[in-house]
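Quick notes on the structure that follows.
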Amino acid sequence: MQDLINDIADTMANAERRGKVADYIPELSYVDPKQFGISLATVDGKVYSAGCATTPFSIQSISKVFTLTIALGQMGDSLWSKVGREPSGDPFNSIVQLEHESGKPRNPFINAGAIAVVDAIMMGHEPKETLGEILNFVRYVADDDRICFDHAVAASEMAHRDRNASLAHFMKAFGRLDHDVDKVLGTYFHQCAIAMSCEQLAHAGLFLASDGINKPSGIRVVAPQRARRINSLMMMCGHYDASGEFAFRVGLPGKSGVGGGILAISPSHGSIAVWSPGLDSYGNSLLGTQALEMFVQRTGWSVFGHY
Ligand code: GLU
């Protein structure tokens, strides 16, 4: 397995087309596009890494997997009155469906949906407490207390928040948000600005690969049914309007972020985190997707079989 992971990292290190680093959040545009990292954490407790696997990067929308897990833990199925479970077929920051669907976001992984989820988590808490809860959860599943917010990234996103602010105000106008828009956005931008390495992220995703149990510690994070459902949502909605393409090429539940990371789950096998900052036109890591495609071709670990 280590040979395969090294092979993937070597192939990606030499790739010429690397995609385009996100620049709509200016702080992200300073990241060197030549970097590539990969880490696999298996359900039997092994870790295989290569490339820049210990370099922290901005996890951005991958954080939406963790906030969804927290919200489901707090509210259970009543969360689904606030956010849907269908793929959107639209870009991550699109506003069009919100108008047709009375301000209820299609799913928890598009920006509007994640903003609704964090609004739900904020219920009964000060924004600082909510942030503490999100960070503690991520540290807990990653088993690593060094994980932190990158405040420069959060501030950069707050300063350029027009698009997300539009989504949030639109939802608020439909009575879909309970809290002040800027407070919700401040919390949302911080969750997106959590910095983690591939190794930390692979570890953090392991509970989704093992029926809800955080394997190394043996502690149950969620019930098996909830792990299965979160994986289903990642498969259907985790790559925005390219979710079908990702399922076609890779065939694993996955969640991407505009920082260039992807967390992919191979149920009963392991959790794989890849990172390369250059994005394709849908906002998903170009080389990250290629790396995962190569990984499933060589391991046969796609949920759709060994071919
Ligand atoms: N923080 C980013 C935004 O709201 C997340 C988008 C992403 O990673 O896909 O625009």
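Glycine too: its Cβ is placed from the backbone N, Cα and C atoms.
Marked as substrate binding site by TrEMBL: S61, N111, E157, N164, Y188, Y240, V258. Listed in sequence order, N93, N111, I115, E157, L185, Y188, F189 are the same-chain residues at least 6 apart in sequence whose CB falls under 8 Å from the CB of N164 (substrate binding site).
The substrate site in the record is lined by S61, N111, E157, N164, Y188, Y240, V258, and its two most distant CA atoms lie 20 Å apart.
Secondary structure at Y188 (substrate binding site), as computed by DSSP, is helix.
In the three-state DSSP reading, S61 (substrate binding site) counts as helix. Only S61, N111, N164, V258 of the binding-site residues listed as S61, N111, N164, Y188, Y240, V258 bring a Cβ under 6 Å of any atom of ligand 1; the order follows the sequence. DSSP gives N164 (substrate binding site) a helix state.
The Cβ of S61 (substrate binding site) has F92, F109, N111, A114, C192, K255, S256, G257, V258 as same-chain neighbours under 8 Å, each 6 or more residues away in sequence. Of the listed binding-site residues Y188, Y240, the Cβ environment within 10 Å is emptiest of other Cβ atoms at Y240.
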